[in-house]
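Participant: Okay, here's the structure, questions in a sec.
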Amino acid sequence: MSSPSKRREMDLMKLMMSDYKVEMVNDGMQEFYVDFHGPNDSLYQGGVWRVRVELPDAYPYKSPSIGFVNKMYHPNVDEMSGSVCLDVINQTWSPMFDLVNVFEVFLPQLLLYPNPSDPLNGEAAALMMRDRPAYEQKVKEYCQRYAKPEDIGAPPEDKSSDEELTEDEYDSSDEAVVGNPDP
């Protein structure tokens, strides 16, 4: 077993032993979901988010890809894709960090201390700077609507592009665009 795959396995086991609910995708250890609870004393307290984690082949030398599955209203989280704008994950990642750091330090810090000057969600950033009470109310509404603990295992409302197409959806009329086959 190579060093990066041993490290991946060790970090994943450490995360599971830290009382995080981890759900593997397929049989590999490169893609999984983690149930993440909003930090205490934050606007996100009481909310539970499903976070998708992808570990690159070069992990821990290359940072994991992190994204929220259920919606979150936050200046540094893209509302549609769930992507996270966090320097320590995107630019300053170090092999000294592990998955537990992501869930016990980096993500809680992001939620406790949003950075509206470097937004992925411009609307949330503008509202936070312009009208803090309205921003806080919207965060709480999103938590109640999208981050209820009982909804965490429910399928998302709209289809993802990864789902298989039904026969009717698959049978689009591309033939008309391409033309008739040669005789």
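Every residue gets a Cβ built from N, Cα and C, even glycine.
All TrEMBL annotations are machine predictions without curation.
Feature list, courtesy of TrEMBL:
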type	residues	note
ACT_SITE	C85	active site, glycyl thioester intermediate
COMPBIAS	146-159	compositional bias 'Basic and acidic residues'
COMPBIAS	160-174	compositional bias 'Acidic residues'
DOMAIN	1-148	domain 'UBC core'
Participant: Which residue counts does DSSP yield for the domain 'UBC core' (1-148) in the helix, strand and coil classes, in that order?
Facilitator: 57 helix, 24 strand, 67 coil
Participant: Please work out the mean pLDDT for the residues of the domain 'UBC core' (1-148).
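Facilitator: Across the residues of the domain 'UBC core' (1-148) the model's pLDDT averages 92 on the 0 to 100 scale.
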Participant: Restricting to the same chain and to sequence separations of six or more, state which residues have a Cβ under 8 Å from that of the residue listed as 'active site, glycyl thioester intermediate'.
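Facilitator: Long-range Cβ contacts: N76, V77, D78, N115, D118, P119, L120.
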